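Listed in TrEMBL for this protein:
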ACT_SITE  K80  active site, proton donor/acceptor
BINDING   G179, V180, G181, H182, V183, G184  NAD(+) binding site
Amino acid sequence: MSVFSHPEFDHHQRIVFGDDPTSGLRAIVAIHDTRLGPALGGLRIFPYASDDEALTDVLRLSRGMTYKSALADLPLGGGKAVIIADPRRDKTPELLRAMGRLVDSLNGDYITAEDSGSSEADMRVIAETTEHVGGLGREGASGDPSPFTARGVFCAMRSAVRHGLDREDFDGLRVAIQGVGHVGAQLARQLHEAGAHLIMTDVDRDALGQLAASLDAEITAPDDIVEADVDVFAPCAMGAALSPSVVERLKARVVCGAANNQLASPEIADMLQSRGILYTPDYVANAGGVIEIAWQRRQDYRREAVMSHIAGIETTLDEIFARARRENHDPASVADTLARERFRG
Ligand code: NAD
């Protein structure tokens, strides 16, 4: 396994490998950059096929958090942690407490939070052995970040339709939503309330049917959603939703959704640009959750202040789209440049 020459290494400040035979913990914590503040990023628990696969994932995700927090105007750096384990079979309180001790050994340079395979309940167990945990919720409120993420995507879409479709409202806007889980379903409700017409899909047909009926939405098969005759395509399911063949088939003129790492490879941004499709950089659009987690760390937490910070995503995207047009670049590379300007100073 290469580390310093790893294609995703990108000058990570610190990578820590944790092994605890008693609990079975095998974990990697990656701290990409702490120049703007401590590195906050979720804990993913996944049965990676190899150590290499786990390292690649944690490095890519950790770097992404640096960019996300920088463009969300947060006093935070980027980091991420992975545990190599099957969350359904191997997740035990002992394993989580051992993870907490590993996080604690970093003295606050890394702050952990939920991610796929880990829940708010798991964070409470981890919090028994370290104080460096985010996303626990305040005063008995849920720590689920998805309502905040959905609100951020809604604000992002306002900017995207302004720049991509020259529209100021969602009345009659046709939006295709791929995946109506935690974030997608709440985004759907907000768009419906704002007057949009929705076409949605999910591999979970039961949840999909109920939601679609309550929102007068059309349903389509998972394989057909990218070809839906819509103005906006909103990927809210898994990563790498935008491959070359998907880009060929898209009818939407705007892409704006919650999913992380939507571009299957960096060249896809160029392909979208040459087809005249405006791509909303995913980590800018989906920063609502991390913004709320960051506010939970402050003494002066106020819901209105959180919502107004999340609304700032629209302004950040206005700046990115305007600069992309001025410099004739795709929005993804403009977002990366802007983020680097912020965290590298
Ligand atoms: P989720 O698991 O609750 O929802 C995902 C939904 O997508 C599920 O309903 C699933 O059945 C569906 N799905 C999976 N594969 C599909 C396919 N091929 N076609 C159609 N539907 C499919 O997850 P979530 O919390 O809603 O997150 C959605 C995305 O947003 C993920 O990529 C996540 O990484 C990203 N994200 C989430 C948050 C958050 O606050 N939850 C924050 C930032 C980014």
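Glycine too: its Cβ is placed from the backbone N, Cα and C atoms.
All annotation found in TrEMBL is predicted automatically rather than curated by experts.
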(message) Using a 10 Å radius around its CB, how many other CB atoms surround H182 (NAD(+) binding site)?
(response) 17
(request) Determine the Cβ neighbour count for K80 (active site, proton donor/acceptor): the number of other Cβ atoms within 10 Å of its Cβ. (result) 29
(request) Based on Cβ atoms within 10 Å, give me the single least packed residue among the binding-site residues G179, G181, G184. (result) G181
(message) I'd like the number of other C-beta atoms within 10 A of the C-beta of V183 (NAD(+) binding site), please.
(response) 28
(request) Taking the recorded NAD(+) site as G179, V180, G181, H182, V183, G184, identify the other residues of that chain whose CB atom sits within 8 Å of the mean position of the site's CB atoms, giving them in sequence order. (result) S146, I177, A185, Q186, L187, D202, C236, A237, A258
(request) In whole Å, note down how far the CA of the residue listed as 'active site, proton donor/acceptor' lies from the CA of V183 (NAD(+) binding site). (result) 21
(request) Work out how many Å separate V180 (NAD(+) binding site) and K80 (active site, proton donor/acceptor) at their Cα atoms, rounded off. (result) 25
(request) Compute the C-alpha separation of H182 (NAD(+) binding site) from the residue listed as 'active site, proton donor/acceptor', stating it in Å without decimals. (result) 21
(request) Run through the Cβ atoms and count how many others sit within 10 Å of the one on V180 (NAD(+) binding site). (result) 28
(request) Rounded to the nearest Å, what's the C-alpha distance separating G179 (NAD(+) binding site) and K80 (active site, proton donor/acceptor)? Just drop the number here, would you? (result) 24
(request) Can you grab the distance from G181 (NAD(+) binding site) over to K80 (active site, proton donor/acceptor)? Cα atoms, rounded to a whole Å. (result) 23
